[in-house]
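See structure below.
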Amino acid sequence: MDLIKKIWTARKLILVVMIPLSLLPLPLIHPCSESSCAYVLIVTAVYWVSEAVPLGAAALVPAFLYPLFGVLKSSEVASEYFKDTTLLLMGVICLAASIEKWNLHKRIALRMVMIAGAKPGMLVLGFMCCTVFLSMWLSNTSTTAMVMPIAEAVLQQLICTGIADSLEDSVTVDTQDEESDKEENLEPSKNHLELLDRKHNEKHEVCMLNEAPISIPAPPKKPKIRRDSQYPTNRDHMICKCLSLSLTITYAATIGGLITITGTSTNLIFAEQFNNRYPEAKVINFGTWFIFSLPIALIMLMLTWIWLHFLFLGCNFRETCSLSKKRKTRRELLSEKRIHEEYQKLGPISYPEVVTGIFFILMTVLWFTREPGFVPGWTSLFEKKGYKTDATVSVLLGFLLFLIPARKPWPSAFSSESKGDDDDEEEEDPLAPMITWKDFQRLMPWEIVILVGGGYALAAGCKVSGLSMWIGRQLEPMSGLPPWAVTLLACLLVSAVTEFASNPATLTVFLPILSALSETLHINPLHTLIPATMCVSFGVMLPVGNPPNAIVFSYGHVQISDMVKAGFGVNLIGVFVVMLAIMTWGEPLFHLSKFPTWALMRNVTGSL
């Protein structure tokens, strides 16, 4: 037994050592570039899926194995670890750091929840909407970590109010009985006789109590305090589950991350690998991705909300979603009061918040208008074409945040009321910038940057060695399947694997395979790559699926069974909506009905 425990404790170390040794005969028996590249790919993929070593460390495996096996030069591998999308991510992180530093995200979240109200159904929908919006620009983990404490404060208010209401039920009933007795004493003699008759019946019931207790009629059922639980009623527990699951398990956060190309790391991985593999395809940018994914997010948001409402709150939407003030209970009014108090603590909107909001809007507008497609973009004002990308805008605005002072450059009559902590912090340096390098460093996900770079390195090795073409030839038997069936199989496979492996690692492994498959079957690569990229984010059934799942699980409102039950439904909803999108509005947007020339050129070049 002790030996088994020691082996289990050292299982990761054993896996790290045994996997490369057990696979070593592959490049030794078949000394060719394809087998050497396959060896590196399998070792890296196993490290990623098993998480035997940190994801960032595993992503460095191609950096030393490719040169050792002669697949790529060391300088060529190193150039794959820093791409255009890395600069794009760095600029977005600068804006995110400013948003979090000056609490603009909290103001947006509280304002949206105030608009939604405190009815359980509308409260869940309000938190989902604000989480979706924030997750479009911030990472899913940051959004969840920011919104969950606000939701927890509201949930605790609901719980405390529910306990108070339950304790006051008996007092309220006694008071009403006393008042009714007083009114009845003032009635004429007829009512007095009826009262005596009622008392006689009560005495009769007391006598019957001593003989047969079960003969007493049961009072109307009311919610009882659950002494063995932190929740006053089972309904309160269901509300907590529903609100927690709607916020995280990457439901709302994942839905929001789908909308923008910078919303999640998997979107960035897809964009960079696609542009590297098909440099002639000028179809993926911020605008086209937003147009395609926004309807998906809206449909998923509503269907997910309906599913969670049905699962935890029932089908009475009229009771839980009414906006009428007359139908609000005491606890709902107190919850709204709590949210208003949290919003009042933020004070009036500050100068740094205004600057951050302007930069936020400016960055979005410049991304949209760079190359909108239907009209010439602002890049047409420059002589040289193709030099400006979304990363250019992102880095420029992010750089300016390090220069613009966080204090107003002009005096204001009403600024004296809003002076507080911000002025105290900047008292030493009146020209302190909106963000500092420490603010940027705190949010910059360097592990994701290296992980994405490792994916680019693997893709480059597969391309140079010819492994991708070999994989494509092995998948030729699937040529009889229609495109929608191939896409559906890819979505289901990716959704299943990502429940147990990290999203970026899963997508990095599958993208080269799906690209080769599409080229072999003469299917537009976007027909399979875009749905797979979106479905890889649907790892929402287990706490280990992604960091936001672990965050919500740590609050203790949900169990693994709740996550599996709700997450399975969300998975099906996501796959259904993505398939609907790729078969309808995605086809004319990306011209998916025909095999594109840029993919044909790539296929011919690879075969040569």
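Keep in mind that glycine also has a Cβ here, set from the backbone N, Cα and C atoms.
Because TrEMBL annotations are produced automatically, they should be read as predictions rather than curated entries.
What you are looking at is a predicted structure, and each value in this text was computed from that prediction instead of being measured.
Record features, source TrEMBL:
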type: TRANSMEM; residues: 12-29; note: transmembrane segment
type: TRANSMEM; residues: 41-69; note: transmembrane segment
type: TRANSMEM; residues: 81-99; note: transmembrane segment
type: TRANSMEM; residues: 119-138; note: transmembrane segment
type: TRANSMEM; residues: 245-270; note: transmembrane segment
type: TRANSMEM; residues: 290-317; note: transmembrane segment
type: TRANSMEM; residues: 349-369; note: transmembrane segment
type: TRANSMEM; residues: 389-406; note: transmembrane segment
type: TRANSMEM; residues: 448-472; note: transmembrane segment
type: TRANSMEM; residues: 484-514; note: transmembrane segment
type: TRANSMEM; residues: 566-585; note: transmembrane segment
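Sequence-remote contacts of a segment are chain residues at least 6 beyond its ends whose Cβ falls under 8 Å from one of its Cβ atoms, and for the transmembrane segment (81-99) they are 63, 105, 137-139, 142, 262, 265, 268-269, 271-272, 275-276, 352, 355-356, 359-360, 363, 389-391, 393-399, 401-402, 434-435, 439-440, 442-445, 448-450, 452-454, 456-457.
If you look at the transmembrane segment (389-406) against the transmembrane segment (448-472), you find fewer than three C-beta pairs under 8 angstroms, all six or more positions apart, and that falls short of contact.
Ranked by number of Cβ pairs under 8 Å to the transmembrane segment (448-472), the listed stretches 41-69, 119-138, 349-369 are led by 41-69. Counting residues 6+ beyond its ends, the transmembrane segment (349-369) has Cβ neighbours under 8 Å at 91, 95, 98-99, 101-104, 107, 137, 285-287, 290, 377-378, 390, 393-394, 397, 400-401, 404, 406-408, 415, 418, 422, 434 in the same chain.
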